[in-house]
Amino acid sequence: MAKIDYKQISKRVFYLILPVIFAFIVGAILIIISGHNPIEAYSAMFRGALVGKSALYNTLFSATPIIVTGLAISVAFKANLFNMGVEGQMYLGAFAAAYVGFTLKGIPTVIHVLLCIVAAIIAGGLFALIPGVLKGRFNVNEMVVTIMLNYVAILLTDYLTNFVFYSGEGYAATYPIEQSAYLPRFMKTSQLNFAFLIAIVMVCIVYYIFKYTRLGFEIKAIGHNVSFAEATGMNTRKKTIIIMVVSGMLAGVAGAGEILGVHHRFIAGFSPGYGWDGMTIALLGKNNPIGILIAALFFGILKNGGSTMELMVGVPRSLISIIQGLIIFFLAVDYLNTEFSFMSRLKLMFRRKVRS
Amino acid sequence: MIEAILHTSLRMATPIVLAALGGLFTHKANVLNIALEGMMLIGAFAGVIASFATGSIFIAIISAIVASMLFALLFNVFGITLKGNFIITGLAVNIFAAGLTSFVLQVAFGRRGVFSDPKIVGTTPIHIEFLDKIPFIGPILNNHSPMVYVSIIIAILVYFVLNHTKYGIYVRAVGENEEAAKAIGIKVNRIKYSTVYISAILCALAGINLSLGNLTMFVENMTNGRGFIALAAIFCGRGTTLGTYVFSFLFGFADSIQMRLQNLNIPGTFIQMIPFIFIVLVLSIVGAVRMIGNLDRGIKDE
């Protein structure tokens, strides 16, 4: 076993925290411009997210769906495939879970829940098969396809809830699922439910896949260098399809968790962009399942605390998405793997400016 | 009937055309510009705000361009100078633009989601006399907002610049072989920077067309994927100016069919899927055609 290089690790952690700090600083400037006190706003945010049992539970609850979407995206990202369709795959997964939830009746709870989740996995996987095949067979840019398919999935489920399975209750939702398909909650005052445990199980599964399986190795190989992987005899076309489908399956699980644990029925447009949040989280967690878990918990704090901040201090919640965008900016730059470090690159830039 | 559909197609296609022509420059310089969406959105937003504040459409256009250029600068610094991943940087621009517009809307104007006000001045449709005399083509081309005509002129300009100027050759050289371009003394980064700025200007015009052309209001996320549709148009058109224009128009056509079908008694959401499914189909067909006769069996890097 290799010796652990603490200096290297601390450097790596520092470069991961740096973007977050930058983003918060820019956020603070925006808060000042809008006429509020940034310290007050941020402390309201963290207090709202962390102080008290139910606040803590709600933070975990906010983190639940994005843990899984983060994992879904990381599987594809790691292979250098940009699956931007996690949002859509999640919608279809959620709908499939709801469908199984309200059509099957009189089944024991555990089996019903499992069936719902399996349905979601199948739906998400099948939907991801389309961009997978297009990329694998015809080398069509997967990013544009998956983004277009997002709209298709959202509109399709919208149609199904509004016309085919409309519950007639004034808002666009299907019939409620059977009680036997509910994921139980941990406590009455918080919506935190067993979906969180499912998310943790998914973290373990993805960790196992990455670390110990052939597929995990192949994902890494394709991500590093497709041509080399191809040259060593790997069927990268087939693997591309498989990776895409696995990513879609995970997205389906995220959808199922939301339906079975929170809404108990499919609601049109239920996701405020969990698929997109998953992308930030996959980046922040550096495609490492444990990192993703931590990143998702951090985002849970931002999300849950964001509403407290809006209520208490009056700073709009959209600040959170600004911070999110900024974090991605700073994360896009790979500070460690570029030939120069970030700082020396900056110095070089300034020196050039001075000279010219 | 057909004339009306084509008239609407041209109207719906215009923001896509403008964004796609902008994206074409970056595409030629081998910079994947996902940020089209965000630059369009911020252009639309800045245009509306400036129009609201000053009542001048000219100032609105200038502000849209400036705002869009600032976002292009972000893209350039993080994507090109600091060598970040273009896809990730571009998405950051999009998320940042979406967040910032709704933040400013709420902080400065106390609105959520939609910003409309009688004080906002939009562009007025242009009526061209001599087009009335031409049958069929006349009614299609006439009575559009000015950006529609601007987009046609820009398409011709882009064709000319890319194919018949030194700058165009430089851009293509950078896109085809960066090392070689560097070796003959082309300032690669400067060319890349400039292509992103050009796409920002065109995206700003596209945004203006969205928010001040047909409507005079800003709606959160009003670009609704048009930036990505523009990218699809570039891919489908194989990076040629004419191809890009034709596919942008086709996507506008799909949009206008969708709008027309909604008047019939078919559920709206079902119909709205048409343009998106159409794009996926076209992309697959173009991809399949490209594969035929291609002996390369691997997945090549983009």
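Note: Cβ is positioned from N, Cα and C throughout, glycine not excepted.
Note that the coordinates shown come from a computational prediction; the quantities given were computed from them, not determined experimentally.
Here is what TrEMBL says about this protein:
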TRANSMEM  B:12-29  transmembrane segment
TRANSMEM  B:41-74  transmembrane segment
TRANSMEM  B:86-109  transmembrane segment
TRANSMEM  B:146-162  transmembrane segment
TRANSMEM  B:196-216  transmembrane segment
TRANSMEM  B:228-253  transmembrane segment
TRANSMEM  B:274-293  transmembrane segment
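The stretch from B:12-29, B:41-74, B:228-253, B:274-293 with the most CB pairs below 8 A to the transmembrane segment (B:196-216) is B:41-74. When the stretches B:12-29, B:41-74, B:86-109, B:228-253, B:274-293 are ranked by Cβ pairs under 8 Å to the transmembrane segment (B:146-162), first place goes to B:12-29. When each of the listed stretches B:12-29, B:41-74, B:86-109, B:274-293 is scored by C-beta pairs under 8 angstroms to the transmembrane segment (B:228-253), B:12-29 comes out highest. Long-range contacts of the transmembrane segment (B:12-29) within the same chain: residues 36, 40, 144-145, 147-148, 150-151, 154-155, 158, 162, 168, 171-172, 174-175, 191-192, 195-196, 198-203, 205-207, 209-210, 213, 223, 226-227, 229-231, 233-234, 237, 239, 241, 244-245, 247-249, 251-253, 255-256, 259, each at least 6 residues beyond the stretch ends and with a Cβ under 8 Å from a Cβ of the stretch.
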